[in-house]
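Asker: So TrEMBL has the following annotated:
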COMPBIAS  302-320  compositional bias 'Basic and acidic residues'
DOMAIN    6-251  domain 'DUF7703'
REGION    279-320  region 'Disordered'
TRANSMEM  12-34  transmembrane segment
TRANSMEM  46-69  transmembrane segment
TRANSMEM  75-98  transmembrane segment
TRANSMEM  110-133  transmembrane segment
TRANSMEM  153-171  transmembrane segment
TRANSMEM  191-209  transmembrane segment
TRANSMEM  229-247  transmembrane segment
Amino acid sequence: MAGENGPLDVSLSLAMVIAALFALACWNVLQIMVAIFTTFRRCQGLYFWSMLISTLGILLHTITSFLRYFALAPNFPMCVLICIGWYGMVTGQSVVLYSRLHLVTCVDRYSRWVLGMIVFNFCALHVPTTVLFLGLNHGIHSFYNPFDIYERVQLAGFAIQETIISGLYIWETMTNLRPVLALKGTRGKRVITNLIVVNAIAILLDASLLSTEYTNHFDVQTTYKPVVYSIKLLLEFTVLNSLLVVIRTSPSTIEDAQKLHEDGNLRLEAQWSDNGSGNVAPLGFGADDSDHGYRQTSSRDSPLKEHRSRESCRSQDDSV
């Protein structure tokens, strides 16, 4: 039995592998929780809460799956908790990606489109899968084949969703932040490289997860999934670090940098060299920081001073 409708009946070696994957997911969750509460000084904002909910979702999904698979708790109540943890783990991860889009794009319709996609996929993928899964584990055996099919559909659907958001993030970063990256020289190129590598790893992890499902290893897929999502959340902090290197280069908006680049007025000053980046906050942000949690350099130090009066495209979101 692969675990679709009850505890596992597998060999000792496979049971040990499954237990090891559960342990690895819990270890990653511990690292993420420590990182969250040592990075954010303010427990507020969409980015903070989506990270926290996604992390707790991974933990809930991992613990309840372990108890269910090894018959350490009643099956159906564990199935309900597994679904709740699954919502936080999967959709929470997509909201984490959505919550930082405003840092790299001024096009509001992109953010609205991504949010709409997340809501639609929640209704189209989470809800039917939950009904089939709970029905199957409540004794409706006719749900087995529909659940087996829809489980593969939802897994592929969420993988495509996360790939689209990651691709949009990379594209907008390379398009909108190119003038700012020019100020950083080699460091700016490293930022783009890091962004591409991190998102490529996330895509490969999703592909490996799909392979376990499409080779009929439901038990391995459901235990490997928390590991995949916990690793991707850890990578989110790497992406945030890379993004902050770009954003803190200039206090002005993306539009400011683009305008100056078009006018040929961009000029590199000493405070943006690799040896000094100005009056910039560290990764943890204080209560007196600006709307996105980082301190702006003083206008007298900025070569973009004359363009500070332009309307900022950053949303008023205290997400980080």
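Numbering starts at 1 and runs along the chain as displayed.
Just so it is clear, glycine is given a Cβ too, placed from its N, Cα and C backbone atoms.
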Asker: When you scan the chain for residues with a C-beta under 8 Å from the transmembrane segment (46-69), skipping those not six or more beyond its ends, what do you find?
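Answerer: Result: 3, 7-8, 18-19, 22, 25-26, 28-29, 32-33, 36, 40, 75, 78-79, 81-82, 84-90, 92-93, 95-96, 98-100, 219, 222-223, 225-226, 229-230, 233, 236, 317, 319-320.
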Asker: Checking distant contacts: for the transmembrane segment (110-133), what same-chain residues at least six beyond its ends satisfy Cβ-Cβ under 8 A?
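Answerer: The answer is 4, 79, 83, 86-87, 90-91, 94-95, 97-98, 101-102, 143, 146-147, 150-151, 153-154, 157-158, 161, 164-165, 168, 172.
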Asker: At a C-beta cut-off of under 8 Å, are there same-chain residues at least 6 beyond the transmembrane segment (75-98) that contact it? List them, or none.
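Answerer: Tertiary neighbours of the transmembrane segment (75-98) are 6-7, 46-47, 50-51, 53-54, 56-62, 64-65, 67-68, 111, 114-115, 118, 121-122, 126, 130, 133-134, 137-138, 158, 161-162, 165-166, 169, 225-226, 229, 232-233, 236.
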Asker: The transmembrane segment (191-209): which same-chain residues, six or more beyond its ends, come within Cβ distance under 8 Å?
Answerer: 155, 159, 162-163, 166-167, 169-170, 173-174, 181, 184, 221, 224-225, 228, 231-232, 235, 238-239, 242-243, 245-246
Asker: Compute the average pLDDT of the predicted model within the domain 'DUF7703' (6-251).
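Answerer: Within the domain 'DUF7703' (6-251), the model's average pLDDT equals 88.
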